[in-house]
Amino acid sequence: MHDIRWIRDNPEAFDAALGRRGLEPQAAALIALDEKRRGAIAAFEQAQARRNAASKEIGEAKKAKENARADALMAEVGELKTKLPEMDAAAKRLEEDLRKELAQIPNLPLAEVPEGADEHGNVQHHVYGEPRSYAFKPKEHVALGEGLGFMDFERAAKLSGARFVVLKSGLARLERAIGQFFLDVHTGEHGYTEVNPPLLVRDDAMFGTAQLPKFREDQFAAGSLDAEGQGYWLIPTAEVPLTNLVRESILDEKELPMRLTALTPCFRAEAGAAGRDTRGMIRQHQFTKVELVSITTPDESRNEHERMLSCAEEVLKRLGLHYRVMTLCTGDMGFASQKTYDIEVWMPGQISSQGEGGMYREISSCSVCGDFQARRMDARYRGPDNKPHFVHTLNGSGTAVGRALIAVMETYQQEDGSIAVPDVLQPYMGGLKVIERDR
């Protein structure tokens, strides 16, 4: 959510930043709506003040036996009492109209974010490692998983429809091992506190992190309302419950940075991805992810962003996976983001659009959101000046467990179709070194 006062003071800068995202200028329309709102509030307050003053004057007129004046004042007060609820409602409608307009506008990109219309405008930041070489043609994860008998899309479709999978035996265990490994590193070495959050959240929580109202079609609604009339939603990412833990609160600066992590199922309708990645586990309605969330001060949020990226990278390094980090351009970064790094892991079995073997696939996005989400959540901290200020929020995948499973399968595949277990995962697998078909 944007600060309308900042927009009033900086209309040209606001429109220029929107232009970098490929959007039309909106400052003038927002300022005009805000002027209407402020005018309605001022008129209501003036009428309220006049009612109070006239009520006081009635007593004075009666005391002075000025009956005609007292009658006129009582008539005026009666008229104001009738008008005031209407004026208050009009002011509140304009307040809500402005809020709705602001809620539809994405965050403003930082100055250093590269400009571009889509993913083709993203800029490579750095690369880690080299792709492995194989004495055979690497298979994709679907062929590997089905060959082992541990990955079943057909039975999943009978249960739940398209974009679901049933994992079993060695692959189910491997996915669990990856998630536990990620959590152990982030909590044991990176200073994140593990949280086990609800998987159902209310409208307010989804609004706070900016999934609602703009991306309603991409979410799974639970189809029921709570006692206050709010809807329930399956979480699309643990970012939602973790970030909303500080909603409507004022933290002490000593509590910051607050670093939280969770391993949860995530649920996405993928309405905007129809026809994309329909084969395999790349894009699922249900998947597992380790999420990283940081709540910090404005002065520290940029440093925290770099730190979060390094934490996400570290777990991939220990898995021995080759990847690259991309700085997303203005046309490709998320709605709530000021700046985003994507980590794209190399998957040797994937076939690119050019028909070549091997391609990079996103496995993590790390974003700094400034105070954009904090304003929607009313999340603040009290600094040395003893005044409340909005916190800055950051979120990142640490990382997507399903895609990490794919990367491990394709990277560590052997010619006979078995999967070598990375050294760091073997303790989580009871010492198992190779995943083979059950005999």
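Placed from the backbone N, Cα and C atoms, the Cβ positions cover glycine too.
Here Swiss-Prot flags T237, A238, E239, E291, S397 as L-serine binding site. E239 (L-serine binding site) falls within a helix when secondary structure is assigned with DSSP. When other Cβ atoms within 10 Å of the Cβ of E239 (L-serine binding site) are tallied across all protein chains shown, the result is 28.
All protein chains considered, the CB of A269 (ATP binding site) has 17 other CB atoms within 10 Å. Per Swiss-Prot, ATP binding site is recorded for R268, A269, E270, E362, I363, S364, S365, and the stated evidence type is sequence analysis.
Cα to Cα, S365 (ATP binding site) and E239 (L-serine binding site) are separated by 12 Å. Distance between Cα atoms for A238 (L-serine binding site) and E362 (ATP binding site): 18 Å, as a whole number.
It is T237, among the binding-site residues T237, S364, whose Cβ has the fewest other Cβ atoms within 10 Å in the structure shown. Considering only the binding-site residues T237, E291, S397, the residue whose Cα is spatially closest to the Cα of R268 (ATP binding site) is T237. Same-chain residues at least 6 positions away in sequence with a Cβ under 8 Å from that of E270 (ATP binding site) are, in sequence order, R163, D218, R283, H285.
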